[in-house]
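Okay, structure first, notes after.
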């Protein structure tokens, strides 16, 4: 197991490098970067001071149209601006350096977990990630916990009544829930229960109320649960299928084994066979899959659900950074997402070997 873990940990480095490198060069050839957006903001008069790296800015008063001819500029939005202004904007965002120099600087900074500062926010990228990460982790943990609390009893019941009408109908509903994307459930929940068209039972935005700090501790708990209900429901509704069917199939596999036949021949009751023998063995792989389920909820649920419910998590942070072309934040969130996913996959493999020593990854 030690050699396998070393190999997996060493594979994290080239995987991170490949993902960051591919996205870096894709972004370089994509139109509409931060310089283009800054130029557009100046031309349309949307900002008096445009924030740049280090919190400084470019004065719009220096960018009166009709000064100079910059038809040779690489930025299509800057045709009426002074070339010196465009050069200043380009310098502030670091795009005056060659692409290879920016690339290697980014790699060196990321090795040291130095993601720089946001282009459009007065904070470092690491600070923004630290503030946003707990929200995404909380959403993922709640979703995973509820999925386990529902899927395990449901899977056991489906195994006990295998082939019955309950099994058939529950399978149909599970498949339908699995096929419908989480964001569609989120829209339905908002329309029906968040003041859309019918009931106004739950808040639409945020994780806590505006007066959260002034509430007593018990009301803080209630307020938090009140806000998290709809986002968690939207995340978990489509997440029951895989774990429920895994639980059912694990039970059915155990029931067919020889030790169950022997226990029945000895006169052991079906209840004791189910809960004292089959349950313990069937739950090994189900429990070991907790990290993998959390990864699924963390990645698939964080982006769209956080955007739709305005939860200040890592998914919403990455989405807003992508829309505004805030490259340091965008690449920083991508780096953290990838690193967490790779490490949790390793934890998942370790948990499998802990609950079932027969699983051997050394032969891989």
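Cβ coordinates are placed from backbone N, Cα and C, and glycine is handled just like the others.
Record note: among 285-305, 306-326, 285-305 is the stretch given as transmembrane segment by Swiss-Prot. As a quick check, the transmembrane segment (136-156) and the transmembrane segment (225-245) clear the bar of 3 or more Cβ pairs under 8 A, pairs 6 or more apart, so the two touch. For the transmembrane segment (225-245), the residues of the chain that approach it from at least six positions outside its boundaries are 138-139, 142-143, 146-148, 150-152, 154-155, 158, 174-175, 177-183, 185-186, 189-190, 193-194, 202-203, 206-209, 286, 289, 293, 296-297, 300-301, 305-306, 308-309, 311, judged by C-beta separation under 8 angstroms. For the transmembrane segment (173-193), same-chain residues at least 6 beyond its ends with a Cβ under 8 Å from one of its own Cβ atoms are 199-202, 204, 230-231, 233-235, 237-238, 240-242, 244-245, 300-301, 304-305, 308-309. Taking the topological domain 'Periplasmic' (306-326) as a whole, pLDDT averages 86 in the prediction.
Beyond the topological domain 'Cytoplasmic' (157-172), the same-chain residues lying 6 or more positions past its ends with a Cβ under 8 Å from any Cβ of the stretch are 244, 247-249, 251-252, 255, 274.
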